[in-house]
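**Student:** So TrEMBL lists the following for this protein:
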| type | residues | note |
| --- | --- | --- |
| DOMAIN | A:423-494 | domain 'Transglutaminase-like' |
| TRANSMEM | A:12-32 | transmembrane segment |
| TRANSMEM | A:38-56 | transmembrane segment |
| TRANSMEM | A:68-100 | transmembrane segment |
| TRANSMEM | A:112-129 | transmembrane segment |
| TRANSMEM | A:136-156 | transmembrane segment |
| TRANSMEM | A:168-190 | transmembrane segment |
| TRANSMEM | A:571-592 | transmembrane segment |
Amino acid sequence: MLKDKRTSTQPFITYTGMIWLLAAQLIVMLPFTTSLPPWLLAVVVLAAGWRLRVLAGKASQPKTLLKAGLLLLGIAAVFLSGLRLPSLEAMSALLLLGFAFKAVEAVQQRDALVVILTGYFLVALHFLYTQSIIAGLYGTLALIVLTGALVGVQQTLEELTPAQQVQFNFWIAGQILLQCLPLMVIIFVLTPRFQPFWSLPLPTEQHTRGILDRMAPGDIEKLSQSADLAFRVSFKTERPPQTDLYWQGLVLQHFDGREWRQFATEQDPEQLKWTLKHEYSYQEHNLKTQGMAYEYEAIYEPSGQNWLFTLSPTTEVQGEALRAADYRVMAKQPLQSPLLIRAVSRPASIRDLELSPKLRALALQLPSQGDNRSRELAKNLYAAAGDELTYIQTILKRFKEQAFFYTLNPPLLGETDTIDGFLFDSQRGFCSHYAGSFVFLMRAVGIPARVVVGYQGGEWNKAGNYLAVHQFDAHAWAEVWLPNQGWLRVDPTSMVAPERTEQNLEAALKKEGRLLEQSVFSSRKFAWLNSIRQQLDRMQYGWQRWILSYDSATQAQFLDKLLGGLSVLKLAGWALALLVCLALSGLIWLGLTRQAHAEALEHRLYRRFTERLSKQGFERRLDQTPSEFGALAAQAWPAQAEKILAFTATYQTLCYECDEPQAKQRSSLLRELRRLLSQLP
Amino acid sequence: MLETWPPQFAHWFKPRWPRTRTLTLGQRNIFILPSKTALALLGLIAVLFLLGINFQNALVYGVCFWLFALLIVNLLHTWRNLRGLSITAIHIQPCFAGEKAVLELELACPPKQQKFAIKLAWPEEDAVQVNLMTTQTVRVKLSHSTQQRGHFNPPRLHISTHYPTGLAVAWSYLALEITGLVYPAPAPKHQQPYPTNSLDSTHPSGQTLSGGSSDFGGIRSYQTGDSPKQIHWSHYAKTGKLNTKVFVDYASHDLWLDWANLANSGIEPRLSQLCRQVLDAHQAQQQYGLKLPGLVIPPSKGEAHQARCLQALALFGVEHAQG
């Protein structure tokens, strides 16, 4: 059992260490292939393969010139693969390239450490692209493998085969990281959250999706094909009835004859933010609150856009959001990761008893010409109705009673006179057609009106107690302004297809039967499949709600719940209690309580045996084995020779031949040891 | 070489690292600090924290805090890897001055525990790394260079570990109560003619080795077992008593390695010379004795005799107090 292994002063990476490193690199790089050039993966395999061949003695280490050439080639390839230069992607791609190339250079342990630390960084970097549960689990796996590599590259256990070593290191890494988990959670919960210090380039990979800032006939039905989630809402108070769930997103005021837009000129998000802040800012005194107040939290999926969707009007909003004069709520930044806001809405409130001239002008805008049949119709009907309210009802009645159909695939309407085309010719349309033409008919007779786009309804998740709103819930409706009543919501679609608002899109299109055939609703057909889907969705919601959206507000709320009123003293008390618990469990875990049994019984008995003999003058030298010592002592003390030899033999059997499971044999041997010891003088 | 603790801290160090044969590492005598790698990781953690803030990304925060927790928890693991380990000095192989003295140590870990990548080192001298994985004890050898003959007291030994992640280093010192022998460096071979003056006339009586066969040594009364060839038959015929003739070999044929007979002067050169002679005589399988001022080792041969002679040379004039 003599060990005489010398270690060199310059620690190198061993073959198994290199395999660990390669595995860690592959695992770290794999998820990047969806957003970055996949050939980077080939680079790491080739680089590590080369290094492994060098270690096996089958190739020589590449020359510096060659390495530099390959690196330049790689950098050129990164730029040629179409990544914009000052972007997160380009930075990630360059980092990954260096990471991949490092494999061929990983000779000393120091190189391995560089690779592993970079790997940790890349794991975190990938979370900027996706934060799903799957990504989280995968990231955890990557962390374990990286930590395993950290263990593996620094020492070799010759006692184990390479496969066993991998398993062992994996186990060690997993164990340590698991032990880190409670501490990590505590730090996660207690660390203060700060506002961003400076703005960094965001991943451009996510394209904008969901509702756009304009609406041409047929735009919204495209969304109805998508089962992607838009946002989830959980209510603190009771939930409004399904027919009242109108999630206002943005208001479209400007009509150019075909398309509805927010303003006459196109504005990018920054300009729009400026306009809304300065020209159309939210005025609290315009709102006369009344009726039921609904309090809720909504988490919006990353859409790459600023739109948020709330029940209008909101009286309170918390989070990274601003409000405007049209009662919309808008995120301050385009949504690249899930955003949580808390809001209170009072849908029955009266909005804008007085309409400012600016808003009135916006709400009455129409193109100077076109759609003449519709203008004619409006004038005639308004003259017949006499007042605004009757006129509105006449129009709605017309939609209901005439041969108007609600359909996902309406006929094309051409470039001009789209309102005429719909109202008089096709009479088939989706919500955008109804909302657009309704507002047109209102404006044609001088009633301020506007198109609102957003979502209507949502799917109630009973298990999770929240509402999930999907892209196919996208909807467009109208608002008209009446003196003394302010803005009123009017949904012309509900006249044609009441099921749309009472139930959902699926019910409204039952006659058509088209959606059902497509995958959008397929999992909703079977009850059991549906409940599994809802459970999964609920898990994701919890993940988003409690982990991804853990911000300073959630933190304060959580701590408040935990501590019952936040105070420094209480916080300190909890921290102290936690520390004491940690320290205690640490001490127990470190085995301080095991000290008493540090020496096995047989060794203690043997020690007593040698003490007895030393009283007789037979000292055991440290380099004597028990059998050598036993033989000598027996020779020197013939009277007790038999017992000495028997004791030594039994002790050796216990130490070297008795396996752990044979407890019975063990205890009988121990009894024998005790008996022999007691017989010695 | 013995106690090299800084004097102002000696009162703190001494009870923690007593000079003993066996030292068990525990809370009292293990140092632990984060390593350089840990500092690099700390830098990375800071970068990740900034990344988490700027992108408001909870999972980046998660990775950041997890790595921080790893730094902390790993300290305990590294510490535990050293804790409970007991180190026993077994013995030091004697060596010649200028060669390496080899210390044999036994490392034992508490039952049901495993220890990994334990590094034992004399800085600048020798280092060994061992695992205690399948066995509870393991023996290791470490060498240390020697300059002077006499006693060898090994300097403080460093015992350290980076296991498992290398993010922390735990270390301790071992001041072992064990003494080795350093023989004088043997003089170069045949520097001086082989001593032939040893057929010693100054000791006419010499020493007799009974049971010999060459010279007649006398007559004694018969004892059972005496060879019939050696019975003094003529005396038996005269007296009727059985007597035995006894033959002896004279020890004066043996080689005496004598301090007084050496040509060179000075203590160390003479000891070196004698050392060479002892080695040569042993190799030639000759009987030899050693005479030093104040010490005579009677002639004999074999490993034990050689060791005894070499020890006498090693400790010639060395105070025994240290031994």
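A Cβ is built for glycine as well, from the same backbone N, Cα and C atoms used for every other residue.
Heads up, TrEMBL stuff is auto-annotated, nobody curated it.
Can you tell me where each of these features sits in this structure?
**Tutor:** Sequence-remote contacts of a segment are chain residues at least 6 beyond its ends whose Cβ falls under 8 Å from one of its Cβ atoms, and for the transmembrane segment (A:12-32) they are 40-41, 44-45, 48, 51-52, 55-56, 92, 96, 99-100, 103, 106-109, 111-112, 115-116, 119, 122-123, 126, 129-130, 135, 138, 141-142, 145-146, 148-149, 152-154, 156, 162, 165-166, 169.
Listed as Cβ neighbours of the transmembrane segment (A:38-56) (distance under 8 Å, sequence separation of 6 or more from its ends, same chain) are residues 14-15, 18-19, 21-22, 25-26, 29-30, 32, 62, 74, 77, 81, 93, 96-97, 99-107.
When Cβ-Cβ distances below 8 Å are used as the criterion, the transmembrane segment (A:168-190) is approached by residues 20, 140, 143-145, 147-152, 157, 160, 550, 555, 558-559, 575, 578, 582 of the same chain, each at least six residues removed from its ends.
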**Student:** Give residue numbers and ranges for long-range contacts of the transmembrane segment (A:112-129): same chain, 6 or more residues beyond its ends, CB-CB under 8 A.
**Tutor:** 13, 17, 21, 24-25, 28-29, 31-32, 34-35, 88, 92, 95-96, 98-99, 102-103, 106, 135-136, 139, 142-143, 146, 149-150, 153, 202-203, 205
